[in-house]
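A.B. asks: TrEMBL lists 59, 62, 63, 114 with the feature heme c binding site. Annotation comment: TrEMBL describes 46-145 as domain 'Cytochrome c'. Residues annotated as signal peptide in TrEMBL: 1-22.
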């Protein structure tokens, strides 16, 4: 009985102080490219949190830390996204990819290989994602290089 009482204050204090160490993102960090025209959008902290949760639940099995487990040469880092055809370095293009994915060079549709809205019958995690969910996931992907820097998409050397 004494052991249970001893641990209770420790657990409560850990819970209370865990929120004090959460990173607070400024407006510049939460501002990301919206489209190819150079328009930007600023995500709310709630959208970033939701995007992180959705990414972790839906995408991180293959893209943990911004890498691509099936092809380590292509990650979710800004350079790799900008070199894809078509470019995938803004929210609208990432939503397009999550809806109907193509190969890195844009030559082939790969919906049967990569989870997407188009292949939601095969990849059940994609079935219930809304347009807003895709928006927040894309925003989260684009914010991560500003938060964890080169670790995002950096692969084994960082994780």
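Yeah, the Cβs are placed from backbone N, Cα and C, and that goes for glycine too.
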A.B. asks: Counting all other Cβ atoms within 10 Å across every protein chain shown, which of the binding-site residues 59, 62 scores highest?
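C.D. replies: Max Cβ neighbours within 10 Å, all protein chains included: 59.
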A.B. asks: Write out, in the order they occur in the sequence, the residues of the chain not among 59, 62, 63, 114 that have a C-beta within 8 Å of the mean position of the C-beta atoms of the recorded heme c site.
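C.D. replies: Neighbours within 8 Å of the Cβ centroid, excluding 59, 62, 63, 114: 60, 61, 68, 69, 115.
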A.B. asks: Grab the heme c binding residues from the record (59, 62, 63, 114) and give me their largest CA-CA distance in Å.
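C.D. replies: Max span of the heme c binding residues, Cα based, is 12 Å.
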A.B. asks: Return the residues near residue 114 (heme c binding site), defined as same-chain residues 6+ apart in sequence whose C-beta is under 8 angstroms from its C-beta, sorted by sequence, else 'none'.
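C.D. replies: Residues satisfying the criterion: 101.
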A.B. asks: For residue 63 (heme c binding site), write down the residues of its own chain that are at least 6 apart in sequence and whose Cβ falls under 8 Å from its Cβ; none is a fine answer.
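C.D. replies: Sequence-distant Cβ neighbours: 55, 69, 76.
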A.B. asks: Restricting to the domain 'Cytochrome c' (46-145), report the mean pLDDT as a whole number.
C.D. replies: 96
A.B. asks: Summarise the domain 'Cytochrome c' (46-145) by DSSP state, stating how many residues are helix, strand and coil.
C.D. replies: 53 helix, 2 strand, 45 coil
